[in-house]
Each structure stands twice: as structure tokens, then as C-alpha cells.
């Protein structure tokens with residue numbers, strides 16, 4: 001049955017192709033039968049081909065209309081979705097010209113409301129195909145009638161089709177071909193009968209793809225909605241009613257899909273009054289409404305809305321930035337549907353008037369700069385050049401800055417030579433400032449300015465007329481380039497009557513000017529500078545921590561721009577991150593060749609790099625890090641040392657952003673910090689890294705802790721012993737809390753697991769160098785912090801013991817003497833059988849009653865592990881009964897008793913005792929003890945906080 005139906009469809013295609021009298025009635029009968037077959041997987045393609053043959057015979061619009069009508073009424077949603085798919089296919093093959101776009105949009109909106117997901121997806125794909133022809137305006141047509149969630153999916157489809165080119169039609173219907181053929185034939189007969197077929201083909205391509213999408217999208221007549229009540233609201237003395245009227249206009253525009261016909265009734269005359277509204281918020285809204293009307297009306301706005309343009313432009317002098325921004329947005333909308341030449345005369349008329357303020361001038365120049373960058377000035381280059389020349393001589397600094405940026409963009413887009421020719425069309429008052437401004441930008445005299453123009457083109461001594469002042473730049477450039485760019489032609493060598501040497505003068509002037517232009521284009525990327533020490537003197541009070549002023553970008557641009565080439569300046573201080581990438585690439589490529597020039601402006605380059613790093617744009621960040629990496633490599637190779645002023649311009653930002661989400665960029669930050677430690681003292685680099693421990697970003701804190709551990713391993717204990725706030729060998733427990741290790745130790749109890757692990761990693765590195773003396777550098781800690789560190793170093797000690805070494809073994813690598821004192825927190829092997837011993841008791845850990853190892857030298861002995869108070873208690877009591885009497889402490893003295901003299905007195909280690917019990921009354925030092933049988937000793941001197949505590953502890957120890 002399927003094979004029979006496939007043959008029937010094939011017979012239909014052959015019949016339609018060979019029957020010129022195939023009618024719409026015949027097609028209607030066939031479509032009724034084919035509609036069920038489009039949902040069949042095996043008959044789908046033959047059905048589509050048959051429908052395409054119908055479209056070639058009768059036109060695609062008729063087939064689309066009948067097919068969608070039948071499919072929408074069908075019970076099977078698969079039929080409806082496949083019908084929509086064929087419509088999208090037909091649009092690609094036949095093109096959108098000649099089709100009813102409004103009907104297609106209505107069908108799409110209807111199908112988007114279907115309960116079947118397949119139908120909705122097919123409708124979204126249909127809109128995506130139409131987007132390739134119509135562009136972004138299509139979204140505005142349907143946005144008001146589509147739910148936000150569904151519109152998000154449609155925008156995603158638009159984004160996928162935005163980069164695809166507009167399809168070229170591959171099929172033409174017989175109806176359209178015959179109409180174009182008749183027109184082409186008539187044209188050919190009128191011209192002598194030549195090329196009727198060529199004319200038909202040309203017309204076919206024009207009709208199929210060469211159309212203006214703006215003409216295809218339908219526009220809504222809103223004149224019926226501009227009622228008397230709405231006009232009354234706009235004229236009301238109550239600002240709330242005026243605002244309600246403006247809101248109603250915006251709602252009407254949204255409902256019309258932002259595409260309206262020129263008929264607006266009394267709307268525009270009343271809207272003109274709102275341009276001078278006493279309520280500035282309503283003025284801003286009125287300007288926004290005017291911009292929306294311009295976009296919705298299209299080219300007709302230049303005729304219908306011309307009376308509103310000048311009152312709207314006058315608001316550019318307003319004190320509020322929001323009002324000025326609304327004016328420039330309205331001008332952008334106007335230029336977008338017309339051209340810059342439609343608004344530029346009105347803009348320049350107000351720009352040269354005495355009513356404009358400095359804010360208005362600056363805003364106008366910025367708007368012109370955006371137009372020039374976008375390539376929308378066309379024949380308005382003389383006007384923009386005149387505005388830039390006037391602004392460069394203004395007394396307001398912000399106006400001069402804006403004029404300088406505009407002139408830079410003009411030089412980049414039009415070229416210094418062309419601008420030099422255009423200068424001659426300006427009035428005498430603007431000509432000299434324009435020349436000076438161009439020369440300042442290119443850093444040399446104008447290549448093709450007064451000399452070339454006077455040598456080649458005659459200049460009248462009379463004042464230029466108004467027509468010549470507003471002469472089109474296209475005509476001027478065409479005439480100048482025709483006579484200048486080809487010096488070997490007759491037109492360039494022709495001289496005026498009576499001036500036989502003018503041709504030679506023109507040639508010489510042209511040659512020198514072109515040489516100057518080539519030299520300017522091939523100039524250095526960075527100019528030499530010798531003011532680095534002055535900048536360092538001024539910046540010595542700059543804070544070492546990360547602190548960026550709000551006007552840093554503007555200040556840096558003013559300081560750095562004179563030392564940059566025009567191309568580098570425009571890229572470095574552009575608002576586009578892609579330009580920033582280009583600027584970093586430009587510096588990276590020439591860095592080895594211009595190393596000395598870069599070193600002269602290293603501080604400015606670091607400030608620019610800081611701004612780019614803090615922007616958090618991944619693309620520009622990668623380029624800036626590559627540039628800094630190459631610069632540091634060259635510094636290391638050539639032995640350059642960074643000053644403190646240079647380091648604090650870049651290191652705070654580099655440390656703050658080192659906790660990047662991407663591991664690759666995180667590693668790049670650490671590589672740069674490693675290189676900075678080779679051109680700047682590591683102890684100063686680690687101070688900046690220490691500041692990163694206070695970052696709000698936990699990833700930054702982790703990277704900083706890892707980098708501190710790496711710097712300690714590379715450099716040794718000097719980085720934390722000599723860090724700010726730390727002494728070389730502080731007394732036990734007396735390390736200041738602002739030292740490096742104290743700052744690290746405080747993070748050991750952080751909630752973030754990665755931070756705790758990184759902090760304990762630093763402690764492990766220091767423990768392998770210092771051994772038990774690590775406690776001398778960590779400052780005051782809480783019990784929780786101490787316990788966490790104790791657990792870690794205990795585990796490290798056990799691991800080192802199993803490896804046959806002990807804590808502090810790395811001290812020899814840095815030329816230090818390893819500490820010999822035991823660490824009571826580490827389980828050490830017994831000297832007898834080399835098996836691990838149990839940890840000492842808390843009393844033994846405190847060091848009370850430790851005996852002395854036998855020593856022949858009589859020097860200070862070291863405590864042995866078997867001398868605790870509680871060990872061998874009976875023997876100790878027996879020894880105490882034969883011990884020498886303890887000297888009585890005078891009642892009137894608060895000082896400890898003198899140590900007994902005699903040959904049997906062995907000095908004890910002077911060490912601070914830490915114990916929970918002693919902590920209640922104060923701390924004391926073990927001073928001396930008599931040698932009574934080795935490890936059976938009795939304490940004779942106690943240093944306590946008070947006299948009562950001394951007697952209390954002395955009695956207890958004597959009893960023991």
C-alpha cells in the first residue's frame with residue numbers, strides 16, 4: 001500500500017511539472033489527500049516533494065495557506081508539526097520575498113500556544129528560519145504576544161541562527177517567473193530585444209533574496225488608539241497623569257510589536273511639549289518614548305518627527321546624567337533607522353551655540369566618537385572634525401579629553417592624510433585647532449594638510465561659503481585622492497596658468513608628506529620616558545594593599561597616553577575587552593625589542609595590567625598574564641630589580657585574583673608570584689601574599705597559603721623570622737600576632753576544609769625546619785587551634801621517626817643548627833629496643849621534675865624522659881628524706897631565694913613550664929635543683945607570680 005501511494009505521489013509530481021494549466025482547484029483537491037501522509041515516516045519525503053512541486057506551479061503562499069489550514073484542524077499533532085516543517089523548508093528554498101509575513105507570524109503565534117511540545121518546537125524552528133531573513137526586528141514583533149519562558153527558547157533559537165547567512169533562493173514558482181520574464185522581455189524589446197533571459201534571471205535573484213527586510217515586516221496603524229483622553233493626559237498639569245499618558249504610549253508601541261505606521265494623530269505635537277517638562281523624570285521618559293517611536297516608525301520618522309529633534313537635543317545640557325544619556329540613546333535610535341546626516345545639522349547647530357554647557361559638549365563628543373567607531377558617520381566627517389577641533393580648545397578639561405578621544409578615533413578610521421584634506425573645508429576659526437589636534441594625535445605634522453592641498457588644488461582667498469563649509473566629505477576625498485594618490489598622472493601634474501613650477505612643488509610636497517605619514521605609521525609602540533622617578537616620588541604614599549580609586553582609569557589614560565602610539569592607545573583604553581587583548585598582544589610581540597622603553601614605563605604598564613586583572617574578563621586576563629610573564633622573564637634574564645613602588649602597583653591585584661576558578665589560570669598566577677620573588681625580595685613578596693590571607697575569597701586564601709609554603713621551602717626561615725612583626729628568635733609564646741606565621745596559624749580553625757588543609761601544610765613545612773621551636777612563631781592561639789596543629793605535627797613526627805629522621809632536619813639545608821631538645825608531643829623510639837614508647841603523661845609533658853642526663857662537661861644538661869615527678873615515687877620519697885634542707889624564703893622578700901652554692905649543684909635548663917594547674921596562678925621557670933641520685937630531685941627555687949603561690953607549690957613539691 002505504501003509503495004502504491006509513493007507511486008501516486010510521483011505521478012502527481014510528473015503531472016504538475018508537465019501541465020501548465022494545473023490550477024489552484026486541482027492543488028486544493030490534492031492537498032486534502034496528501035495532508036494525512038506527511039506524518040507517515042516512509043511517505044513524508046515524497047509528500048514534501050509533491051507539495052514543493054505544487055509551490056513551483058502555483059506559488060508557495062497558496063500551498064502554505066491551504067496546508068496550514070488543514071493541518072491545524074487535523075486531530076494528529078504530528079501532521080501539524082510536519083506541516084510547519086515543510087513551511088520552513090519552503091521559505092529557505094523560495095525565499096521570503098513575495099510571501100505574506102504577517103500571516104506567517106500569526107501562524108507561528110498560534111502554533112506556539114499548542115499543547116503539543118512537537119508543534120511548539122516546530123514553530124520555534126520556523127521563527128528561527130525567518131530570523132535569518134528579517135533579523136532582530138522579528139523578536140520585537142512577537143515578544144508582546146509570547147510568554148516569557150517561551151520567548152527565552154525563541155531567543156535561543158535566534159542566537160543559533162544569528163551567525164548564519166541569509167539563504168539564497170534555489171527555486172522559483174512559474175507564476176513569479178512568468179511575471180519577471182514578461183517584465184524582462186518588455187525591457188529587452190525597449191532596448192532592442194537583447195538579453196530577456198538574463199533580465200529574468202537577474203530579476204529572479206533580486207526578488208528572491210535582494211529585498212529590504214524592513215519592507216516585509218508589517219506595521220500597525222495606531223492612530224485609532226491616540227484618543228482625546230490620551231492627549232488630555234499628556235497635557236495635564238498633574239505629573240502623575242502625564243506619566244500615565246507616557247506609559248500608555250509605551251504600552252501601545254509594545255502591543256504593536258514596535259512597528260507602527262506614520263499616522264500617529266496628535267501624538268507627536270503633544271510629545272514635543274514633554275521635551276521641556278518641569279519634571280526631569282518625565283523628560284527622560286519622553287526622550288525614551290521618542291526613541292522607541294523612531295525605531296518603530298522607521299525612515300518616516302525623519303519627516304514626521306523633525307519638529308521634535310531640536311527640542312530633544314537641547315536636553316543634552318541637563319545636569320542629570322540620566323537625561324543626557326536619554327538624549328544620546330534617542331539620537332542612536334534616530335540614526336539607526338535613517339542616517340547620521342539626518343541629525344548632524346541639528347546637533348552641530350546646538351553644539352556651536354552659546355547655550356550648551358561643558359557637560360553637553362562632552363556628551364556630544366562622546367556620542368560622535370561612538371558613531372565614528374561604529375562607522376555610521378558617512379558624509380559627516382567634516383562636522384565631527386569641526387566639533388573635535390572646537391572641543392580641543394575648550395577650557396573645560398572633560399571637553400578636551402572627549403575631543404582628544406574623538407580625534408584619535410577619526411585618525412584611526414579616516415587616516416591623517418584624508419583628515420588633512422578635510423581640514424581645508426572647515427572655517428578659518430576651526431582650521432588651526434583641527435590641525436593642532438591632528439598633529440598632537442599622530443605626534444608629527446599633518447602629512448597631507450595645507451602644503452599639499454595648496455600645491456595641488458586651488459584655494460580661493462575669499463571666505464568659504466556656507467555650501468563649501470558643509471561640503472560632503474565623500475566628494476572632497478574623491479577629488480583630493482584623484483589628484484593626490486596618483487602623482488604620476490596628468491591630473492596630478494597639471495598646473496594653473498602662469499605657474500610653471502607648481503607641478504614640481506606639488507610633487508615635492510606630496511613626497512615629503514607621504515614620507516612623514518609612513519614614518520608616523522611605522523613609529524615606536526611606546527615613546528621613551530624619563531619621569532618614572534617623579535611618579536615614584538608622588539606615589540610613595542600609595543597604600544600597599546589593594547585600593548583602586550574610582551577615577552584610576554581616567555588618570556592612567558591621561559598619564560600613559562602621551563607615551564603610546566595611536567593604535568596602542570586606542571586599543572588599551574577602549575571599552576571593548578577584545579581591544580584590550582589586542583593591546584596586550586601588541587606589547588608582547590615587541591617587548592624583547594623595546595625592553596628599555598618598557599622598563600621606563602613599567603609602573604604605568606603595571607597600573608594598566610591591574611585594571612585588566614580586576615575586570616575579571618578571562619580573555620583579556622590570559623593575554624595580560626602572558627605579557628607579564630614575558631616581561632618578568634626578561635627582567636630575570638637582565639638582572640632588573642623591582643622597586644617597592646613598582647611592586648605595590650601590581651602584586652596586590654595579582655594576589656587578590658590568584659584564586660581563579662580555572663586551575664590553569666590559578667597556576668599562571670602562582671608562576672608570576674614565583675617570578676616576582678626573583679626580581680623583588682622574597683620577604684617583601686610574601687608580605688603581599690600575607691595580605692591575601694584576609695581575602696573574602698576562600699580560593700585566594702588557599703592559593704596564598706600554598707604559595708607561602710612554597711616560598712618558605714625555596715627561601716628558608718628568613719621569610720617568617722624577618723617578616724614584619726616577627727623577631728629572629730622570639731621567646732616562647734611571645735610571637736606577635738601580626739607576624740607571618742601568626743597570621744597563618746589563625747586560619748587553622750577556618751570552616752573551609754581547603755583553607756585548613758593548606759594552613760596545616762604551611763605548619764608542616766615550618767615544623768620540618770624549626771622542629772619543636774615552631775611554637776615560638778605562631779603567637780597566641782586558642783585551644784582549638786593548638787589542638788589541630790598538635791595533631792598535625794604529631795603525625796608528621798611519627799612519619800619522620802619511621803623514616804629515621806626527626807623534626808627540624810631541614811634546618812641544615814639553610815645553614816641553621818638543628819634544635820636538640822625533645823618534643824614531648826612526638827612519640828619517639830626507645831633507645832633500648834627501638835620500639836615506639838607511649839606518649840609521656842601531661843605532668844611529664846609540662847617538664848616539672850625532669851632530671852638531668854649525666855654530663856661530664858658540667859654544661860647545661862638536657863631533660864631525660866625518665867625524670868617525671870610521678871615516676872618511681874617510693875624512691876623519690878626516700879631520696880627526699882636524705883636531701884639537703886631547703887633554704888627558707890624570707891617572709892619580707894618577694895624575690896626567689898638564692899641558689900645554693902657547692903660542687904654538688906647542677907644547673908637545670910631554664911625553660912618555660914606550661915601546665916593547666918600552673919596556668920591558674922602564673923608561670924614559673926625551673927632554675928636549679930640539687931643532684932640527688934640522678935633523676936630523684938627536689939625543686940628548691942620557684943619563680944611565681946605571688947609569694948603565696950611560691951610557698952604553696954614549694955610545700956607540695958617537698959611532700960612529693
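Placement of Cβ uses the backbone N, Cα and C atoms for every residue, glycine included.
In TrEMBL, the feature region 'Disordered' is placed on 821-859, out of the ranges 821-859, 860-898, 899-937.
According to TrEMBL, the feature region 'Disordered' maps to residues 464-507, out of the candidate ranges 464-507, 508-551, 552-595.
TrEMBL assigns the feature region 'Disordered' to one of the listed ranges (77-110, 111-144, 145-178, 179-212), namely 179-212.
Averaged across the domain 'TOG' (551-802), pLDDT for the predicted model comes to 87.
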